Amino acid sequence: MTQMPDAPFDTRAHYLALTARRRLYGGILMAVFVLLMVSGFLLADGRNAGGFWDGLPHILDFPADVVRDTIPRLNLLPGYLVKYFPALVETVNIAAVSTLLGTLGAMVLSLLATRGLARWPRLIPVFRRLMDLLRAVPEIVVALVLIFVLGGGPVPAMIAIALHTAGALGKLFSEVNENADLKPVEGLHSVGATWLQRMWLGVVPQVSPNYLSYALMRFEINIRASAILGFVGAGGIGYELRNTMSWGQGKFDEAAAIFILLFLTIVVFDQLSGHVRHMMITSRSKGH
Amino acid sequence: MADAALYASADRLFTRKKLLSFGLPALVLAYLVYVFFAFDLPGLAERARMDNAQTLLSDTWSYKTHVTRDNRSGGIDIAIEGERKGAYAEGTSPDWVTPEGEATRVDLGEGQHILLLPENGFVWDVPGYGLIEGRLDGRSLVTNLPETGLPEWISASSSRVQITRPEARVALTRAKTEVFRYFPGWELFFFTLDSPYHGHGLTEILFGDQIDPARGNLAGAWHDFWQNGMWRHADVAWALFETLLMAFLGTMGAAIVALPLAFLSARNFAPLGALRFATRRVFDFLRGVDGLIWTIVLSRAFGPGPLTGALAMLITDTGSFGKLFSEALENVDGRQIEGVASTGAKPLQRYRFGVIPQVMPVLISQVLYFLESNTRSATIIGAITGGGIGLLLTQAMITQKDWEEVTYYILLVVLMVMAMDSLSGWLRRKLIRGS
């Protein structure tokens, strides 16, 4: 067999062929995606009690009802806002406590699950799976089971959200921990500090700004979660909302008050935590 | 002099640090004490229903079979969990229930048994306590139990006698005598009693003789398993799919709607300042009105079902995606767009080849994160609007007795979310590194 001389490599043709192939793949992917979206929509539409196109004109019916009930009795609204304020405080409390407890749990779990920092390096996979598990269980599942055992009220929601928070933040925290500088830890180790002291004095000061930022973000999410859990019976503003909703037409003015409270709370805490996070970032980039 | 100032500043720093390291925990502690009373934790112990917890725990890993002797007809009914779907057909019985003369013998294992007597009575020799007899005498129930000093697992009155032991429970009323016997495991998970495949192992079905003459083993067994009336595997699988569908439609729909809107609200692309401001406020509004409220509003228009859940997620996430995408768009490198523009590209082409490739990795990773977390949200929204596995879960919980089904659903939800988590992580790595 004689060696053929290499044909001159046609860069242009090769590039065009590559592009064409890439376009083809992209096109196929796009077509599959569109197909999935359309068929999924049709399927969901078919399984729904009311169809999409029938319901579309009625989408504003409920807000219109609420407004119609509220406008003639606008003078009652401040009274309702005051009436439901304690329930709102309960919802925010549930979110705050569960964020607090969840953050503490996440700190411990994440330190135990980070290579180089873990107290028991062999158990790292165990703690990782534990965090995955906590993250995967939807809050509503834990809350409903606990409502059955503990009765309605804020405690089941608090426990449920705290567990989920510990898992969700634990994952984020352990990513932060992995970037922590190990030198302070080694220094503390050399002077005989215990594991707890090494973590508290060597790692936590480095990572606490990131922790705080993530915890604030989680707090926002948890306010929404605690409102939703209230709706299935765990107290707070969600519970009141369901009660006012079930009174039916003509009484939606109280529901309107709750909508306003919930909306304002979410927006206020959203802005607040965004502001604090922004401040932390700028103060650090200035060279703290 | 300079030293003094330095000392003073160091002192101030120390005071601040001291305040922070003692003040912050004190504040947290004070808050927790306040919550302790605000949530009425001392009263919780009273409200907690430990018996509920016990039912729940034992039900998750065991089931009971009811053996009932009806006093009017005198017949014996045997049903798993007391459900019609789990009833033994007339004339059949498990091997631990045997007729013994006029009476019926219910074997409890380990040498124990309960005799159901023909005249609506029972005899049970409880180890460590003695022989207990109870029967209907005229209109009232009589037993050989003493009037006082009964252990707490026995309750006896003239209308109802009940003995609750870990291995079994017997209850005698005027109308019937009922024995519950407990077994570990989930009852009839694969086949119900009316299926010919009940009681056959996997190897027997795969390689053994044909069990049902009308059907092939594999097809018949699959059909009976899939259509299992008690566990409803087909419905559960469909519900899981519906939940995933909701998450998929909601997330992808939101991404499609949010992308063009994000261009309007990004500082470097917005054609008009006022339009940018308006779009931003729309995003804030969509996010601020929580998913819960959107779900309620939409379920009034579209009725319960997966579409409502998907649309509620779509609307909420449009707000979140809009914000995230516009931030990503504000961070794009202008030079690449200029480069594309210098070749004479029209605006749409500039976006397609100058902007989209830059923001795609951020977009994809955000969308995949949301897809994963929306799988969980879809379970919750499903519980509110009535669709998917969330609905099945709440339905099973409302009955307050099918805890084994609740456990099964929870297990499936957790597995589904974990699978979505790894799938989205895998896709993220694949797509971002690949493109």
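Placement of Cβ uses the backbone N, Cα and C atoms for every residue, glycine included.
A TrEMBL annotation is a machine prediction, not a hand-curated record.
Keep in mind the model is a prediction, meaning the values are calculated, not measured.
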Range among B:114-132, B:285-303 that TrEMBL annotates as transmembrane segment:
B:285-303
When you scan the chain for residues with a C-beta under 8 Å from the transmembrane segment (B:406-427), skipping those not six or more beyond its ends, what do you find?
60, 186, 231, 236, 240, 243-244, 247, 364, 368-369, 371-372, 375-376, 379, 389, 392-393, 396-397
Looking at the transmembrane segment (B:378-400) and the transmembrane segment (B:19-39), are there 3+ C-beta pairs under 8 A, with each pair at least 6 apart in sequence?
no
State, in range form, which of B:19-39, B:285-303, B:351-371 has the highest count of Cβ pairs under 8 Å to the transmembrane segment (B:236-264).
B:351-371
